[in-house]
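Asks: Got these off TrEMBL a minute ago, pasting:
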{"type": "BINDING", "residues": "A:Ile14, A:Gln15, A:Gly16, A:Arg29, A:Ser80", "note": "substrate binding site"}
{"type": "BINDING", "residues": "A:Cys33, A:Cys37, A:Cys40", "note": "[4Fe-4S] cluster binding site"}
{"type": "BINDING", "residues": "A:Trp39, A:Cys40, A:Asp41, A:Gly82, A:Ser125, A:Pro126, A:Lys127", "note": "S-adenosyl-L-methionine binding site"}
{"type": "BINDING", "residues": "A:Ser42", "note": "Mg(2+) binding site"}
There are 2 protein chains.
Amino acid sequence: MSGLRIAEIFGPTIQGEGALIGEPTLFVRAGGCDYRCVWCDSPHAVDNRHRHGWAMMTTAEVMAQLVALSGGQPMLVSLSGGNPAIQDFGPLIGLGHGQGYRFACETQGSVARDWFAALDMLVLSPKPPSSGEVVDWARFDACLAAAGDAPKGLKIVVFDQTDLDWAREVAGRYPQLALCLQPGNPDSDPAMPVDPGALAQRLDWLVAATLGRGWLRPRILPQLHVLIWGNKRGV
Amino acid sequence: MSGLRIAEIFGPTIQGEGALIGEPTLFVRAGGCDYRCVWCDSPHAVDNRHRHGWAMMTTAEVMAQLVALSGGQPMLVSLSGGNPAIQDFGPLIGLGHGQGYRFACETQGSVARDWFAALDMLVLSPKPPSSGEVVDWARFDACLAAAGDAPKGLKIVVFDQTDLDWAREVAGRYPQLALCLQPGNPDSDPAMPVDPGALAQRLDWLVAATLGRGWLRPRILPQLHVLIWGNKRGV
């Protein structure tokens, strides 16, 4: 069995964003990413210069840590990153399912994996123009196809009106998918405090800019963990 | 057709709490309540001394206002209050369903109505000890029975450890229901500003007190509208 590059494993805490917001969750943050979003809030799981902080773990070791953290109670596990899709989490999902754990995965949709079909939730987060990345839609559609009948949804981070217009266009391509919009956090430096008032203002703007223009489809949700814990890691 | 006592109708905005958090929603806040929770955050829809501010409206008038607010786009409508169950919203649900609108209802579970079965979501919020009210479980179970196969869930407000212990006991009676916990807001006076840091601390406490003791079932969610808009009404 090949090793997994793991930036951090933590929980139980609540999922802070997206359709599963508020759900008790264990997080497996995979190390490594094929994107370099300019506003990335998890550079410690992305940049290779942080790789000395990543652990090489076997699937069994990751599972043992999840069981230890949850006291053996089966619960939801979120595979995030970085981009977890550049590694093989299929064996972990199989092992966890055997013990009653459920698995969600958050990925930008740039790398399709056959284990997407085993997920209890696939969250695809295509990155908007403000990220500096450009979505390869053929690859994105391959991710959707790989997931088959697994529950899935879109989550799009919105920093500005350009992102919002883009999100609406993207959403139009996927009318069958549940959709969440999330205001961007421009101040994700873990060394800096967060201004909850400023985050609330961004959410207020996004609600007004979306619903106020008659776009009534998306759920609009903040990053709850940032509102509660700022940019602190491991919560 | 008898009239409906309506404290306010507003939206589109996002649902700020519970399982539908973030969903674009129109709110119909019914006037009148059979409870007097000591920390009620909507006394303007409860106390009879506010009844001069309530409108008597026909079902058709309420529906016309919902259509106007949403520009005719079908969307989710939340019936809240006060306790909407002390009035007859069956005709409104029927009328709205005919035009593609969906209906959620938030009630404490003290009055069962046959129209619960027509809802797209029934949220039952039994009031914990800190409210000063005492739940009549026979009536509560009658509400569940009346809802039949309609989607339903529990939402319990938690102010302190006593409430949390009570919530766990109540939840144990209803293992089949989705469950949300929500920290209480002790400062719900619309004339007073809200302290987002204090609200975040209450959420932090609730997460720790719930998950930290190995209770991994409930979703834990804040009142998003309070974080964004404070105690302002009509948002």
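Every residue gets a Cβ built from N, Cα and C, even glycine.
A quick note: this is a predicted structure, and the numbers were derived from the prediction, not measured.
What does the local environment look like for each feature on the list?
Replies: According to DSSP, A:Arg29 (substrate binding site) sits within a strand segment.
Spatially close to A:Cys37 ([4Fe-4S] cluster binding site) yet at least six residues away along the chain are A:Lys127, A:Ser131, A:Gly132, A:Glu133, judged by Cβ distances under 8 angstroms.
Annotation for A:Pro126 (S-adenosyl-L-methionine binding site): same-chain Cβ neighbours under 8 Å, separated by at least 6 residues, are A:Gln108, A:Gly109, A:Val135, A:Phe140, A:Leu154, A:Ile156, A:Val170.
In the three-state DSSP classification, A:Ser42 (Mg(2+) binding site) falls within coil.
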Asks: Write down the Cα-Cα distance for A:Gly82 (S-adenosyl-L-methionine binding site) and A:Ile14 (substrate binding site), rounded and given in Å.
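Replies: Each residue's Cα considered, A:Ile14 (substrate binding site) and A:Gly82 (S-adenosyl-L-methionine binding site) end up 19 Å apart.
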Asks: By CA-CA distance, flag whichever of A:Trp39, A:Asp41, A:Ser125 among the binding-site residues is nearest to A:Arg29 (substrate binding site).
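Replies: Going through A:Trp39, A:Asp41, A:Ser125 one by one, the closest to A:Arg29 (substrate binding site) is A:Asp41.
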Asks: Among residues A:Trp39, A:Cys40, A:Asp41, A:Gly82, A:Ser125, A:Pro126, A:Lys127 annotated as binding S-adenosyl-L-methionine, what is the maximum Cα-Cα distance? Answer in Å.
Replies: 15
Asks: In whole Å, note down how far the CA of A:Gly82 (S-adenosyl-L-methionine binding site) lies from the CA of A:Cys40 ([4Fe-4S] cluster binding site).
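Replies: Here the two Cα atoms lie 9 Å apart.
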Asks: Any same-chain residues 6+ apart from A:Ser42 (Mg(2+) binding site) with CB under 8 Å of its CB? Would you list them in sequence order, or say none?
Replies: A:Ala7, A:Arg29, A:Ser80, A:Gly81, A:Gly82
